[in-house]
Amino acid sequence: MKAEKIVLRKMSMTLKAPFQTSFGTQTVRDFYLVEVHTKDFIGYGEGVVSGEPLYSEETVGTAWHILEDFLIPMIMEKGEISHPDEVGELFAPIRRNNMAKSSIEGAYWDLYAKQQGISLAKALGGTKEKIEVGISLGIEADINDLFRNVEKYLEQGYRRMKIKIAPGKDVQVIRALRERFGNIPMMADANSAYTLKDVDILKQLDEFDLMMIEQPLAHDDIIDHATLQKQLKTPICLDESIHSYEDARKAIELGSTRIINMKVGRVGGLSEARRIHDLCQEKGVPLWCGGMLESGIGRAHNVAITTLPNFVLPGDTAGSSRYWQEDIISPEVEVAADGTITVPQAPGIGYTPVPELIEKYTTAVKVVTRG
Ligand SMILES: O=C(O)CCC(=O)C1=CC=C[C@@H](O)[C@@H]1C(=O)O
Ligand SMILES: [Mg+2]
């Protein structure tokens, strides 16, 4: 695979409804797309960053700079790439900037699968023909709005409800949901809103038989999470703390996490995600695929990685209509009434990017050609 042209597109898509977490509210997704053009195919990747550095340190601006000034020149200089694993190896000297790395590596995985004439899922070693999915629900000012959302998505078949919590909107919210909906599969995501001083509040969540509590403590911690896990019955699931295979290895060894939310962009790409998958499978740590409110391009990559065998819990890969009036792929990602997504078998990501819709939501373009 030799890139003849790489196109970066800044994208801005308005969410159907605001999405509130413990660290802020999103109404518009500012992200970017990467297109890697070889003489035969186009590979697509998504930069799952946001406009503001609130989930991680990366933004559209930081990623654009790292891609334009470092990663794309490295790719052009390298020339021929025979397997997408080589992209991560090439980028290894660049510190962090995982979402920037992941966006271009994901495009090479798409290219590679298209070149082999197989689905991205198969190229990754996935075997599932369907994946089970859940849904992530933002914080609502009025709990009746949250009730309505849970009701709506249960009816649509989603396999588990992820409820955002924050101090003051935690125990009473989960209790009210249990009283209203009984023992439905449910988890809480705190997005680092608590500290060890809040252990008594977090211990109260133990009474609600939650599947897990996601990232209760600091975004860059695995020590305090190990201390907390010893005091909780409910499994801790790390998200923001896990940026690499090494982070996962240490967190598992310390007992900081019993489940991991895999986000391809956060760990630097699909190759690293596969390595973490194999480690977790060996250690008996279940995985599920998290989301970053992706467009259909990133959503397609998430569907593919979820076909690996140790993705045993429903993830956050909802259908396109969860967030978008119209998605930029055809067909859109659909969730069946049984809460599953049928894995596309077409070569590559399996969904077709729609040029006129991509253009419609493009706010800036950068084209780098070989030569
Ligand atoms: O993409 C989805 O549907 C899930 C989105 C989601 O829950 C999150 C996205 C980004 C940061 C957080 O708000 C949260 C998470 O931590 O998983
Ligand atoms: Mg999370």
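Heads up, the Cβ atoms here are built off N, Cα and C, so glycines get one too.
Unlike curated records, TrEMBL annotations are generated automatically.
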Same-site residue for Mg(2+) (record: TrEMBL; known: Asp189, Asp239; options: Glu207, Glu214, Glu253): Glu214
Residue among binding-site residues Asp189, Glu214, Asp239 with least C-beta crowding, 10 angstrom cut-off: Asp239
Count of other CB atoms lying within 10 Å of the CB belonging to Lys164 (active site, proton donor): 24
In sequence order, those recorded positions of Lys164, Asp239, Lys263 whose CB lies under 6 Å from ligand 1: Asp239
Neighbours of Asp189, Glu214, Asp239 excl. site residues, C-beta within 8 Å of centre, Mg(2+): Lys162, Met187, Ala188, Ala190, Asn191, Ile213, Gln215, Cys237, Leu238, Glu240, Asn261, Gly290
Cβ atoms near Lys263 (active site, proton acceptor) (within 10 Å, other residues, all chains): 28
